[in-house]
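A.B. asks: As listed in Swiss-Prot for this protein:
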TRANSMEM  30-50  transmembrane segment
TRANSMEM  60-77  transmembrane segment
TRANSMEM  92-112  transmembrane segment
TRANSMEM  127-147  transmembrane segment
TRANSMEM  158-178  transmembrane segment
TRANSMEM  196-216  transmembrane segment
TRANSMEM  224-244  transmembrane segment
TRANSMEM  278-298  transmembrane segment
TRANSMEM  315-335  transmembrane segment
TRANSMEM  343-363  transmembrane segment
TRANSMEM  375-395  transmembrane segment
TRANSMEM  408-428  transmembrane segment
REGION    776-800  region 'Disordered'
COMPBIAS  790-800  compositional bias 'Basic and acidic residues'
Amino acid sequence: MASTNVTGQCPGPMKATSNGAFQNESPLDFALPLIILQIVLVVVFTRLLAYFLKPLKQPRVIAEIIGGILLGPSALGRSKAYLDTIFPKKSLTVLDTLANIGLLFFLFLVGLELDFAAIKKTGKKSLLIAIAGISLPFIVGVGTSFVLSATISKGVDQLPFIVFMGVALSITAFPVLARILAELKLLTTDIGRMAMSAAGVNDVAAWILLALAIALSGDGTSPLVSVWVLLCGTGFVIFAVVAIKPLLAYMARRCPEGEPVKELYVCVTLTVVLAASFVTDTIGIHALFGAFVVGIVAPKEGPFCRILTEKIEDLVSGLLLPLYFAASGLKTDVTTIRGAQSWGLLVLVILTTCFGKIVGTVGSSMLCKVPFREAVTLGFLMNTKGLVELIVLNIGKDRKVLNDQAFAILVLMALFTTFITTPIVMLIYKPARKGAPYKHRTIQRKDHDSELRILACFHSTRNIPTLINLIESSRGTGKKGRLCVYAMHLMELSERSSAIAMVHKARNNGLPIWNKIERSTDQMVIAFEAYQHLRAVAVRPMTAISGLSSIHEDICTSAHQKRVAMILLPFHKHQRMDGAMESIGHRFHEVNQRVLQRAPCSVGILVDRGLGGTSQVVASEVAYKVVIPFFGGLDDREALAYGMKMVEHPGITLTVYKFVAARGTLKRFEKSEHDEKEKKEKETDEEFVRELMNDPRGNESLAYEERVVESKDDIIATLKSMSKCNLFVVGRNAAVASLVKSTDCPELGPVGRLLSSSEFSTTASVLVVQGYDPAADTRPLVEEDAEYDQSSRDISDLTA
């Protein structure tokens, strides 16, 4: 394992625990309380930096690198009292050991993310870009190494120094690049897919080159030592494929979906990771390679991989990994870069790094007929550095290939090149969100036989049964393809590696879709695919991976580009066993509100109380009673239009109750132009109801009644008399005063708030509908272009 170089007299070992301050013993003189203080300081400091850098859309690794440098001798460490108290030399062995243990398991997770099956399928274009993006920077790095070795790195072994410099300048940080692309919403664009594919190839090549560099940097006097190290390393990889891979696959097969993974299997896997690290450290390659190789050969399918990730990553990424950045920062002394020569060398290293990576990537991209602006953007994206860069540099310093000055220069180079990536890409590449204009933005339409497209969003498997049963109830009858559904899984983009793995698996259909890792076993995919095969409905599963503060942009953009008539959203509360509504998070509440403001079509919010029970209902068993309280207005008309679509299904019984209220019960408008507006609204409502009564779809399954009410209590009593139905479909902005005191869910409107409240005793689900109003200022997220080439004109083409 890597350890911090200590000069001078070797400090004595520290005892683990103290007897306490009351016995005149300082806790900072003992290993356990001191490492606890160091962990708390590092985590709090780096998290605060990450918070302040978040508006700049910088990945967290930037904050962790800067935090490590500031905690080291470059800033706070300039105070000898601070270093001797918080990071004394005698504590650095414990700090380094704990940091490297965290790094071991983190690289195991990185190996889990890399799927060689996907890398094998990398297109020739991405492969060429990756090769050029590695080769030219490596060559430039070799040239730069001669300049450094002639100035600030005199006396080092030339061959290892050349290889380390080449690797350091040619690396692309795969996880960091994924984070940047996600923040910029470029993951599912052509440039994002090319960048991720090329970065995957680059990552594998970087580890192979690093293994070579470590082998060459050994202390052995005979050149045969390096050969033996490489041969033994190759033998270990073969052993991992032949022995470790089948063992892990055996345990994965014995972990079926929906059942907990045995603790024994998790324990065995973690032990294998540590044992492999011990073997590779004994060989002389480095302990990190053992963990990384085990991660690569581990099975990627099924719940076993997911459970391992969930059990490891929070502790490792949140607590232990920042210690590695702190340990690296303690070795980074920026003050060693002084004088015109040193600063000139820093500029030289930065320029040569950017030149090699950008020119190599741009040149190969142009050969692949990538437009120049996209090629330059790709070049800057591929110039991203990260944790792997720090690992290379720390190994080089520990093996005395890099001295303090060269190490500091290369750390600052990695920090600078990563920091500039986001602002430069935002400056030079602003992909226009274009879409073809379309007319069917509502359920209301004259041509009832035209194709109806719905974007159905959900958070988890909890939303699936009711969502599928609602779709089944809405498909009507007739020719195949009349109803087309895009089922979008809303997934919050987090720092978790499982989210990054999904990012890596985004395929090339122009929109985010399912992660293939879970495709064979994921219950959500199985449910929608089974429904598609059984019904005359085309279903396209998708996944929106984004921060919850901006995921509404993905929803609205996808809705426009797929030309849907309605977006279905799950309510942010679900019903508990006792009937009370429980929130799944306020941020999902805000997502729904933002979609209502920016949607390019109608929107429905589904309050799920178990439509059809907790499982999917077959078509022959659909028997739902649907009730629509009609007060008037655009949203009520859209709700009624949706009900008329549902009544086409032979298992649906629809009852429409038109409320006729005395003066003062309904919303009253101001005089002047608002009186005229109210009059027009009433005329439109009456005309719409007349058309409803004459609609040929309104057979014996449709009933219409008028209810006269004189007060709010009358309305509530009438609604309660309808509570034995299966589904309420209501307009959001119904022309009625508030029916409940609570104002915490304005997105449901006055009627929806009452029907979804815990005080309203019913088992019926509620669909709250907001009709698309072309006159409203929705600040569209998509620029309409009549000449826009819609790549997916028919959903049936995508699901064939």
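Placed from the backbone N, Cα and C atoms, the Cβ positions cover glycine too.
As the structure is a computational prediction, the values presented were derived from the model and not from experiment.
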A.B. asks: Tally Cβ pairs under 8 Å between the transmembrane segment (60-77) and each listed stretch (196-216, 278-298, 375-395), then give the stretch with the top tally.
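C.D. replies: When the Cβ pairs under 8 Å are tallied, 375-395 comes out ahead.
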A.B. asks: Report, as numbers and ranges, every residue of the chain located at least six residues beyond the transmembrane segment (408-428) whose Cβ falls under 8 Å of a Cβ in that stretch; write 'none' if there are none.
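C.D. replies: Non-local partners: 56-59, 61-62, 65-66, 69, 74, 148, 152, 168, 173, 176, 180, 183-184, 186, 328, 332-334, 336-337, 342, 345-346, 349-350, 353-354, 373, 376-377, 380-381, 383-386, 389-390, 393, 402.
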A.B. asks: Would you call the transmembrane segment (343-363) and the transmembrane segment (127-147) in contact, using three or more Cβ pairs under 8 Å, pairs 6 or more apart in sequence?
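C.D. replies: Stretch pair touches.
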A.B. asks: Among the recorded stretches 92-112, 196-216, 224-244, which has the greatest number of Cβ pairs closer than 8 Å to the transmembrane segment (127-147)?
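C.D. replies: Between the stretches 92-112, 196-216, 224-244, 196-216 has the largest tally.
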A.B. asks: To the transmembrane segment (278-298), which of 196-216, 224-244, 315-335, 375-395 is linked by the most Cβ pairs under 8 Å?
C.D. replies: 224-244
A.B. asks: Considering only the recorded stretches 92-112, 224-244, 315-335, 375-395, state which has the highest number of Cβ pairs under 8 Å to the transmembrane segment (196-216).
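C.D. replies: Maximum Cβ contact count belongs to 375-395.
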